[in-house]
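These notes concern the structure reproduced below.
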Amino acid sequence: MAKTLTLTIVLTLTLLAALQQTTVAQKLHVVGDGLGWIVPPGGPIAYTTWADMQTFTAGDILMFNFTTGDQDVARVTKEAFDNCNSTNPIWLATNGPVNYTLSSGGDYYFIGTMERHCFFGQKLAVKDVTGAPAPMAPPPPPSPRVPTPPRAAKTYVVGDDLGWLVPPGGAIAYSTWAYNKTFFVGDTLVFNFVKGVQDVAEVSKAAYESCDTTTPITVLTTSPAKITLTTAGDHFFTSTYPRHCGLGQKLAISVMGTTSSPTPPPPPLTPAVPAPPVPPMTYVVGDDLGWLVPPGGEVAYSTWAYNKTFIVGDTLVFNFKNGTQDVAVVTKTAYESCDTVAATTVLSTSPAKIILTTPGEHFFTSTYPDHCRLGQKLAINVTGTAVPPPSTTTGSPAYAPGPGGPAPPPTSSAPSKSITSLFSVTYLSIAIAFLL
């Protein structure tokens, strides 16, 4: 009897130790964050962008926030995901909110099965989920906290070139802009807008979430409106114009620390070490989206160009359907007014290749009626110089189209800089049909 009891205790302790060693951390991902699980305003780019910002591991949990009766969520195969076929889902939930655990590595596909929700962009692909992480190691002993040295105050232009307006793709535009930025007390936000059609209001969290701007903290009506962040914590901004907040003209940021301490003197100058030359790169504009009238408006190409660094010698490739699209090089004024009468260059054969031979701002659009106004436009800034650019003769044009022009620089040894594709071609034709 004693031997049996001893053996039972040993086995129990062994099992508990094994369970303790295999315990892994779970991370909760709220799908779409504040957007929730709905038919997104700008099409599937909303959930594609959200997923690109996450790192998924087996054991993590997806939380789908939706209103029961208005939405649902189903896990489906890739084929069903591509075709918006909800006939035989792997898993279906109709009561929100609901959690789904990523039980193993691999790819997961989710759609909304109601009416045409999937076709309008209520779909999420969670790809490359890594296997279960290694067992959690005991935490290291705490180390003495070293205070972070203060930095000089910064000035941020809200939305950068997008400015402060009702964004084409909804609130995700300003969420994307604020992502990865660290705001400190003493920093300044600059809101650029058209006076008389926009304003900027600082509001409480409750007012931000409900879009109730009847009692704002501050309202500024003259552009550019400059707001200095004087307190740490969460800050919320929107517009008091009717429906602007509900359509996505809203920004939430978290302000940390302080920059009020004196800035330490700069270190002694050291001889500059020239950076190694950067080989020319080839960028496919829009990646798999191609060059067309984007479903979500010009935010699609603004998002594509975001965080890319274009250098003299790089090549842009515009892929489009001959006879239905073209690409025009225009001035900044023509880009902003969508007046393509006096385009610098017009290329009508796909793929159209343009070599960036001069630094500065470059603007591209389409000469087809209404295409520019509906968002088929791209603005980029070209800086620096890559490895010695391809030799050109005196008086050569600023843009070298292909295949009729000079061959683009070789790119076989340079890594591709394309990002995860924004849309499936299958849905683009559907979405474009609704827009045009």
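Positions of Cβ are set from backbone N, Cα and C atoms, glycine also.
What TrEMBL annotates here:
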- 392-401: compositional bias 'Low complexity' (COMPBIAS)
- 403-412: compositional bias 'Pro residues' (COMPBIAS)
- 27-130: domain 'Phytocyanin' (DOMAIN)
- 154-257: domain 'Phytocyanin' (DOMAIN)
- 281-384: domain 'Phytocyanin' (DOMAIN)
- 385-415: region 'Disordered' (REGION)
- 1-25: signal peptide (SIGNAL)
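Secondary structure of the domain 'Phytocyanin' (154-257) per DSSP, as helix, strand and coil residue counts: 16 helix, 37 strand, 51 coil. Across the domain 'Phytocyanin' (27-130), the DSSP tally of helix, strand and coil residues reads 17 helix, 35 strand, 52 coil. In this model, the domain 'Phytocyanin' (27-130) carries an average pLDDT of 91. Using DSSP to sort the residues of the domain 'Phytocyanin' (281-384) gives these counts of helix, strand and coil: 16 helix, 38 strand, 50 coil.
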